[in-house]
Amino acid sequence: MAAPGRLLLRPRPGGLLLLLPGLLLPLADAFNLDVESPAEYAGPEGSYFGFAVDFFEPSTSSRMFLLVGAPKANTTQPGIVEGGQVLKCECSSSRRCQPIEFDSTGNRDYAKDDPLEFKSHQWFGASVRSKQDKILACAPLYHWRTEMKQEREPVGTCFLQDGTKTVEYAPCRSKNIDADGQGFCQGGFSIDFTKADRVLLGGPGSFYWQGQLISDQVAEIISKYDPNVYSIKYNNQLATRTAQAIFDDSYLGYSVAVGDFNGDGIEDFVSGVPRAARTLGMVYIYDGKNMSSLHNFTGEQMAAYFGFSVAATDINGDDYADVFIGAPLFMDRGSDGKLQEVGQVSVSLQRAVGDFQTTKLNGFEVFARFGSAIAPLGDLDQDGFNDIAIAAPYGGEDKKGLVYIFNGRSTGLNSVPSQILEGQWAAQSMPPSFGYSMKGATDVDRNGYPDLVVGAFGVDRAVLYRARPVVTVNAGLEVYPSILNQDNKICPLPGTALKVSCFNVRFCLKADGKGTLPRKLHFQVELLLDKLKQKGAIRRALFLHNRSPVHSKTMTVFRGGQMQCEELVAYLRDESEFRDKLTPITIFMEYRLDQRTAADATGLQPILNQFTPANVSRQAHILLDCGEDNVCKPKLEVSVNSDQKKIYIGDDNPLTLTVKAQNQGEGAYEAELIVSIPPQADFIGVVRNNEALARLSCAFKTENQTRQVVCDLGNPMKAGTQLLAGLRFSVHQQSEMDTSVKFDLKIQSSNSFDNVSPVVSYKVDLAVLAAVEIRGVSSPDHIFLPIPNWEYKENPETEEDVGPIVQHIYELRNNGPSSFSKAILNLQWPYKYNNNTLLYILHYDIDGPMNCTADTEINPLRIKTPEKNDTAAAGQGERNHLITKRDLTLREGDVHTLGCGIAKCLQITCQVGRLDRGKSAILYVKSLLWTETFMNKENQNHSYSLKSSASFNIIEFPYKNLPIEDLFNSTLVTTNITWGIQPAPMPVPVWVIILAVLAGLLLLAVLVFVMYRMGFFKRVRPPQEEQEREQLQPHENGEGNSET
């Protein structure tokens, strides 16, 4: 597996393969790095300008430069394609970049057309480092061959420039070639300088890619250089050697750093070995004196590329170098439990020589390659602790790249970035890779703060971020007196004759900072009274001069000078204007640098130290009647009762709770009675028609999805207060599973201590009450025999062949308030007597949630029913059988009752479904009086009472958890059959009609006369002319009456 974002050559069957699988990565930002006007540098298109970056400060010049590697740039070397360059860029407004000439020659030959080296595509500039006048730049893909062999081998080469002298440095170009030696060394893949003027070079391809570290003295490299000698031996060289075969493919030298880890004052060598330990990855620390092993770190996840990047710096100020190790392919589980690539940096703090404590810092985005580059920044904000930058070159919007700035502190690295730098370029043929290379810890503009350069080789850019000077402010705020007496009104309120209770607010600023800060610093200061009150709430204190809770001021202080102070007077509003007397009044002071503050000598605007608060606050308290400590401790109690102990389900149930609230302790401020309302109830209001009950002010509100009634009990609710109040509720939304309704009551105040009473619950039981009735009617209720013109037919076919229509109607009605879910209705119908049919059922109909069945076939003779409504039919039948011929007076004893005890009855059984309050189920039974039976001689001249009966039984209620009593009843419906003459209506005498007409006319005449005397029929029109108006005047005054 090749590195994520680095070049590395490995042999494969059939030839060599160049692997560049991760030239794509992301960017970050620190709080005092200037992101408003960074210096942007552009290189030749497609040259990978920005692949490596560093600062350069030659002793022969007062100017600072940037060094930027462009490993795919074309050069003037004859016959060379993409030989690569290192450019020197001016840190001035011109931002001009010029290539540094290290090598102007083409390939050298053993003989004509027999080259010994191959400089095309050598990636010169893939690594660049400087130290004072010295610059080391390398081409890790430089190839050469020996005279005896034709294979090209990527040994790598470097050039070292010291002032005007430039020498080639190729420690892997030796006779020990091929894969088992240094033939695939790729020397210069990673490089660094030590303080003792040694060069450290990594060659991850040596010894079957075990890798190798090589260190030589700069002086010896320069002194021994001979352009005619291709393989130079150095006497003071330190180098790792080949190891056992199990260390093959480890990539020692993939990344390097230096630092003193054994306390001898000589910098030691740190190297990442990302494929060691079966791809877990390792980091080795070697002694800088003899290349012996000092310490090893091992990764915890396979293929995470632990050791891809390394850095060494003292992050916590204990004078021990700490180690930072990047693993950009590290995977962690997301919130969904799935593994995702986030990258990781291990921070190993050295607490004593060789004693490390490691913590992990995971990346913030998926596939961002967090940890691809790590750059020590020096003390970026001048707080006494070094800081560090970590790149995620493929993070951010559209993978433009991110660089995170983390600040050091005494406990180690702050895990939250103080600033995030974002790449500004969209991907073109490849991602911008902003942050793939970084270098810091150098003060380019000499303002006392180190700066940072970031490379984005995917868009051929490098960006210089300069650090802004940091201002540290010491702010003071005093409030006196801190206990405010509302009754001590001694300050005149401007513009009025009123006096108010007042207090003083004194605020001060002092500022200082390191570096080239301007002498005068301007601040925008804002003071806010009663800060903790929410927006829109009444602020209890105002400034006297502007009657506002806000005061804004521009203050000027001298850097490093004395504390600058000012004083204002504020006052309390009248106590009738606010309720909260208990909460402290917070006086809040906030400050920020004024934009008019001059820039420093380098043109950068100062910035406030973000690690010190930019505000300060103090508190004042309103004097309370709570003893010497001014702390009120109430003793709140609540009790509740009601005269209603039971509520019927379905009823509108008005419920009155009588609540007793009392305070047996010190004053309770903003005291409120809070009643939590159950979902079955609604608040109606406060009982106001009872003199014994307090008329509280109550409001309904919802808090955290709990419905509440909140009643004001006083501010304060003084010691010894007892209140009795009535609250009315309606309870009407009970569910079928409820057995009771519960109200929770408590008293709450804004006091700091004992501010809530014990919660009291009041429970009212639910009960079932269903007033169900059954009633019936016969239509008609009386039939007179004989039927005129009726003739017997042996096989009747129509209703007229049988007899008149008789309809019995039964209604089962639930008058509530509770519902029932199932009932049985039984109808007993007098069908036959002595084998003679009485009432022949044609059919029955239902209205409502009911299904019925009969135990005998209905209408077995298939009597035809005309298509007209039953009511009309019944009425018509009634007209058809009126008898007017004779009148027969019947004795009471001559009536024969034919009910189910005597007659044979047909039974209709109905299952009734749910009936809520006010709902009914109706059964219509349409029948015919079997006239033949009553026209028999033995049945004539008798009266009959035909009775049907209906009964019901409630068998189920919808209320599962409540006890239910059995509910049943019955009723009878009677149709009377009379043999005789229907009583004719008595005619009205003619004299009665005449007398009524005359009385009406007389009454009308009296009304007309009375209205005439009152002037009802007079109509005075408005005058059209002035004369008419004058003529009308006498009449209006009553001086004449023409009509009279």
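Just so you know, the numbers here start at 1 and follow the chain as drawn.
From the backbone N, Cα and C atoms, a Cβ is placed for every residue, glycine too.
Keep in mind the model is a prediction, meaning the values are calculated, not measured.
According to Swiss-Prot, the protein has these features:
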- C89-C97: disulfide bond (DISULFID)
- C138-C158: disulfide bond (DISULFID)
- C172-C185: disulfide bond (DISULFID)
- D379, D381, D383, F385, D387: Ca(2+) 3 binding site (BINDING)
- C491-C502: disulfide bond (DISULFID)
- C508-C565: disulfide bond (DISULFID)
- C626-C632: disulfide bond (DISULFID)
- C698-C711: disulfide bond (DISULFID)
- C900-C905: disulfide bond (DISULFID)
- 989-1012: transmembrane segment (TRANSMEM)
- 1023-1044: region 'Disordered' (REGION)
Next item on the list: Round to the nearest Å and give the CA-to-CA distance linking C508 (disulfide bond) with C138 (disulfide bond).
Entry: 57
Margin query: Under DSSP, is C711 (disulfide bond) part of a helix or a strand, or is it coil?
Written below: strand
Margin query: At a 10 A cut-off on CB-CB distances, which of the disulfide-bonded residues C185, C502, C508, C632, C711 has the highest count?
Written below: C185
Checklist line | D379 (Ca(2+) 3 binding site) versus C97 (disulfide bond) - Cα distance in angstrom | finding: 28
Note to self: Spatially, and counting Cα to Cα, which of the binding-site residues is closest to C626 (disulfide bond)? Options: D379, D381, D383, F385, D387.
What the structure shows: D383
Item checked: Residue with minimal Cβ packing [other Cβ atoms within 10 Å] among the disulfide-bonded residues C138, C172, C565 -> C565
Notebook entry, point to check: Looking at the disulfide-bonded residues C89, C138, C158, C491, C502, which has the shortest Cα distance to D379 (Ca(2+) 3 binding site)?
Noted result: C89
Item checked: Whole-number Å value for how far C711 (disulfide bond) lies from C632 (disulfide bond) (Cα to Cα) -> 21
Next item on the list: Return the residues near C905 (disulfide bond), defined as same-chain residues 6+ apart in sequence whose C-beta is under 8 angstroms from its C-beta, sorted by sequence, else 'none'.
Entry: Q828, W829, P830, Y831
Next item on the list: Look at each of the binding-site residues, D381, D383, and point out the one with the fewest other Cβ atoms around it within 10 Å.
Entry: D383
Margin query: Same chain, not part of D379, D381, D383, F385, D387: whose C-beta falls within 8 angstroms of the C-beta centre of the Ca(2+) 3 site? Give them in sequence order.
Written below: L380, Q382, G384, N386, N407, G408
